[in-house]
Amino acid sequence: AHICVSGLVVLGSNGEYPYLAPRERLEVVSCVRRALPRDRLLLAGSGCESTQATIEQTVSMAEAGADVALVVTPCYYRGGMTSAALVQHYTEIADASPIPVVLYSVPANTGLDLPLEAVLTLAQHPNVVGIKDSGGDITRMGLMVHKTRQEDFQVLAGSAGFLLASYALGASGGVCALANVLGAPLCQLDRLCREGHWQEACTLQHRLIEPNTAVTRRFGVPGLKKAMEWFGYYGGPCRAPLAPLSPTQVEELRGTFSTNGWL
């Protein structure tokens, strides 16, 4: 395989995680674990609104074969999600989890940015091994890398649109929705950055920005699934209430991939 991924994330934002029943979530992890070579990491989303539910879900994920738990910030009572409350939440989860924990900040979906000071505090926990930051604030990411350099802690770019910028500032990798569609080009971008071919990497990064925005912010999961079909994968329908794209939206999405030379 020409794809260089070191692992897969299941039950992330694009796995329609909030719409899956608990048994379905475990089934997904079990199925992927069986299909995935042992040397590939399996990260599984296990974040729930309550600390107790998250702990239970994380333990279940570990039993189903996940290597790492990806724990999204609780956000329903976002007014109460102070830095102290979030540190407490993640500390209890990391203490109880049989597998390492990766923090997950995705403000576009949660309306909540995991505060920088909370991240720096949690980075000191031996069972908190990194963060997937999808916010796209490159200054914040650079500061995270800088301030956690003494810790065993990895900063992961949460989206393909700022992958090069994250690597330039010392991020360890990325977890990118666009990899479901353009896996090989993203692996190529990863390789170019790691080998220091910045000019070539820059040209490639530029061509990925619009398709990435289209399958994330603009059209979301239905857009991602539709694009997957054009590249020979199975996207399939979304769960309600996520609606399929209109014919006009499909054309716009296709245009975004075409003008950047992907279709």
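In case you wondered, yes, glycine gets a Cβ from its N, Cα and C as well.
For Tyr104, the entry in TrEMBL reads active site, proton donor/acceptor. Sequence-distant contacts (6 or more apart, same chain, Cβ under 8 Å) of Tyr104 (active site, proton donor/acceptor) comprise Gly12, Gly45, Gly47, Leu70, Val71, Val72, Thr73, Ile131, Lys132, Ser134, Gly158.
What TrEMBL records for Lys132 is active site, schiff-base intermediate with substrate.
Sequence-distant contacts (6 or more apart, same chain, Cβ under 8 Å) of Val175 (pyruvate binding site) comprise Val9, Gly12, Leu43, Leu70, Lys132, Leu156, Ala157, Gly158. The pyruvate binding site annotation in TrEMBL covers Val175.
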